[in-house]
């Protein structure tokens, strides 16, 4: 196998490793608040929303030290050890204690920063300027397939269950732990690529030795300040579709005995929207004729339609309902079809925002992409932590109102950032004539 073939194989293995790990972790995040409500043990007093807030808060702070960790122990070992911590978090649900729950949340936050820094390094050293787009697309697609398999398992395993028994919980989380561990060990199949030209090595070193001063400088530029509102919105809606909405569906007793299994089906619909949007709008980035604004506008409209339908379809106390669920209804007779359609719209809209943010950040900061994306992850993680925190006590309609306001402001500031970026590009092109 030639050098290019080895690199492509490394990317595919990387994608499958993340697919297995996040099949387990994303499924865990989607169901954990529902599962916690069903614990029979009176000694456990944890909250899934608080746990995720801790994870994303620690994730943000750990971005400052993650590059140094990866530099010292290498990307392969970094991903394996981080994966073990992810697996430990999932395994904790087999026999949970409050102290182990929140301790594992802190450790996963640290692991997440190291894992994604190492992933970026592996992607970089196995790509060239010509293949980076293709390899990113392969990795993205394999990662998003993680939304299918775990949620499909939940749908089939919990079908007809009105409550989650201890046996149901143990069976699910033992299975998810094994799946996560498979992903961890897949990372050892990645082989170091043949030495390349110095430009690629320099890019790798730049990625791992990100200067925090550069990140601070980028964070206060006009473009990043404008984009920060959009980035913050992606953190808020990440929380909503990955944790809150599934809990709402599972709490709707008016959906019948299949309400709990519908959490899995909702995750599958979100995945379909993510994969469809990521593929279509990722390819549209190649056509600069219409720019990024129409795709962001489509994402905003898609999300607003979803939020309005959710407001009509889901009871306002669903995020905070006890194990028995809520018997309240919103403004229409609750519909499973509408609920799942909203799941698809949430995934589709999320892909609209994320593909265009990645595109404009890479375009605006081509010489400082590593610190720019570090700022992106920092802002997104902080806002996700804030959203998971307020999800502990805000009713659904207030959460939707926050999403609508921040989504609108984020779209407007994105439009302005796109205009500023394109104006500078035109000025640069004019000066070069």
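Note: Cβ is positioned from N, Cα and C throughout, glycine not excepted.
Checking the ranges 99-118, 199-218 against TrEMBL, the transmembrane segment annotation falls on 99-118. Contact between the transmembrane segment (296-316) and the transmembrane segment (370-390) does not hold: fewer than three of their C-beta pairs are under 8 Å, each pair 6 or more apart in sequence. Contact between the transmembrane segment (6-25) and the transmembrane segment (170-190) is supported by 3 or more Cβ pairs under 8 Å, counting only residues 6 or more apart in sequence.
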